[in-house]
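> Below: one structure in structure tokens.
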Amino acid sequence: MLRLLRLLLLLLLPPPGSPEPPEPPGLAQLSPGSPPQAPDLLYADGLRAYSAGAWAPAVALLREALRSRAALGRARQECGASCAAEPGAALPSQLLGAPHPVSGPGVWEPLLLRATLRRAECLTQCAVRRLGPGGAARLRVGSALRDAFRRREPYNYLQRAYYQLKKLDLAASAAHTFFVANPTHLQMREDMAKYRRMSAIRPQSFRDLVTPLYWAAYDTGLELLEQREAALALPQLEEALQGSLAHMESCRAACEGPEEHQGAEEEGEGSQGGLYEAIAGHWIRVLQCRQHCVADTATRPGRSFPVQDFLLSQLRRLHEAYAQVGNMSQAMENVLSVLLFYPEDEAAKKALNQYQTQLGEPRPDLGPREDIQRFILRSLGEKRQLYYAMEHLGTSFKDPDSWTPEALIPKALRERLREDQEKKPWDHQPPQQKPLAHWKDALLMEGVTLTQDAQQLNGSERAVLDGLLTSAECGVLLQLAKDAAQAGARSGYRGRRSPHSPHERFEGLTVLKAAQLARAGTVGRPGAKLLLEVSERVRTLTQAYFSPERPLHLSFTHLVCRSAIEGEQEQRMDLSHPVHADNCVLDPDTGECWREPPAYTYRDYSGLLYLNDDFKGGDLFFTQPNALTVTAQVRPRCGRLVAFSSGGENPHGVWAVTRGRRCALALWHTWAPEHSEQEWTEAKELLQEEEEEEEEEDILSRDPSPEPPSHKLQRVQEKAGKPRRVRVREEL
């Protein structure tokens, strides 16, 4: 415990001279010299003014709320740095492992607590000077408001208020700032398109007011390197690295604030046990938060996953750029810094040998960058404590770094952590393309033919197959969809305008709803049975074609019809279904696809089985990740299946249906059995129950004393049980 508390106080000391993060552009202080007001009150007043249509007061209050929130973070970081640099702030030598430490039980305790009290006094006085009396407590906000600021919601209100005030350039800046962090926000996507069509708005107004500047420097540096302008790229890359380290310091300073752990303490996690248990619990949460700052710094706004080895990637580019301009000493510093992360990195060792050869003489004075050495030593010290707590106190810790030496992890934890990393690798690995011969050997069903393979469709893991349905089977399923739509007013499942286009009507039917309607006599039972049989037919073929080594499970089955609304098709410019991927959020601007909600991340393969072709438009098309360049197009017809992997390698959309009614069976498959479609099983059981009841009725009809109808009805109701809830999801 003594060693743990020594390290605790050592790591509480941030490096002196930490750079101060700049205030976000566009948030100039509205009341110079005065301490900030409570951000929660300012934000609430701003929303009230917004709701009342008082646009100018709303703008002033919302901007002041943002400034006040930023002021607290700056004050906390500056106070931490200044208190650590004060004379006498050093810890007593006895707590730092001096050659002759104080002996005796409890002798170290007064020294530890005295140092803690002095630091607390310094931080409190600094907060009073920066924020006013009681400022730290007054400016504390709850988790809901912190989340709102993290999602940049104030900028959503600001853009609307600026628009009402006819300040279009400011509106565009606020809208762009919100959209960067919320790229899937459909309303803001439409608003951004409108702003870009306005000639009065200058192109430079579409700027992010919040994103740390190091991202812009990083992107600029990469672009210059691609253009082989290493001399111009170096200042940008250095700025990006220093900005990344400064952002990490700001994030770490925020970890020491009480509000970051308020939620855990409210749930009682930090209030159990005595003094030392409370200290250890709070300190562990601080360390967990600090370690997460690596991922926070490496995560672009609007993304949920960080850039892998972000600092390391910057160091690699720096040593290569310095070598290109002939600065071998700086190149050696940066490549030696790379080797601090991965000592056995072959590419880095090879580059180091080249640089040493070009220098011509040994340079013992050259070593890794000091800022990177401090970062690694501090990070390893924190990891060591977290793994100790994980082993002995039962806490949790997810290491954000892949470079952590295995020797640092206690042996008792290594196997457990290795098992956790090996769980469900298909959740993270994209499907691998298989040879063409494999595709042709997978056609097992009689009458099914391969019309186009992945190569002919200009992509990977996509195929078009014909012959899965006869014309009679297509007719049965089309009649099922028609009967279900006509029964919509009675069943509560009426058609409605498409969620993807106001110019089309959308009708959907799940397998369970079809079975329920069939049991009620609203639709024919043959159609409901065929829907189940066909979905299993598609699953079997998709598994044989794409995934013979691993079972696929139906995840969701949906019979969908889209009908063109008459009189609303002239000069139509939209799509029936916008370009998207099925298991990840597609970002056309960067070409990346993020496997995260709201996407159905557990989907692995998709299928579209078409029922008709007597309509205009409605072709399926695949695009490049930019969602603009069409790579392949497929015309629907009865019995044609388009099957493909569900990830970002297969962005797709549907052209507008401008006449007629387009019907298809949409199916999604998963490798994860826990995400298999439960409604499919329920629908099958429901139809089997009905068959059994009909057989029993046939037997009873030959019985001289049949059961009274009232008793029969009661028995059927008891057997059916409670009505099942129907999930209705708007799918392709």
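Here the Cβ of each residue, glycine as well, is placed from N, Cα and C on the backbone.
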> For the Fe cation site that Swiss-Prot describes with His580, Asp582, which of these is also annotated: His553, His558, His652?
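Record source Swiss-Prot; matching candidate: His652.
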> Roughly where does the repeat 'TPR 2' (152-185) sit in mean pLDDT, to the nearest integer?
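When the pLDDT values over the repeat 'TPR 2' (152-185) are averaged, the result is 90.
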> Determine, to the nearest whole angstrom, how far the Cα atom of Asn458 (N-linked glycosylation site) is from the Cα atom of Asn327 (N-linked glycosylation site).
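Asn458 (N-linked glycosylation site) to Asn327 (N-linked glycosylation site), Cα-Cα distance: 45 Å.
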> Using a 10 Å radius around its CB, how many other CB atoms surround Asn458 (N-linked glycosylation site)?
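So the number of other Cβ atoms within 10 Å of Asn458 (N-linked glycosylation site) is 13.
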> For the C-alpha pair, I'd like the distance in angstrom between Asn327 (N-linked glycosylation site) and Arg662 (active site), rounded off.
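So the alpha carbons of Asn327 (N-linked glycosylation site) and Arg662 (active site) sit roughly 65 Å from each other.
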> I'd like the Cβ neighbour count for Asn327 (N-linked glycosylation site), meaning other Cβ atoms within 10 Å of its Cβ, all protein chains included.
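Result for Asn327 (N-linked glycosylation site): 18 other Cβ atoms within 10 Å.
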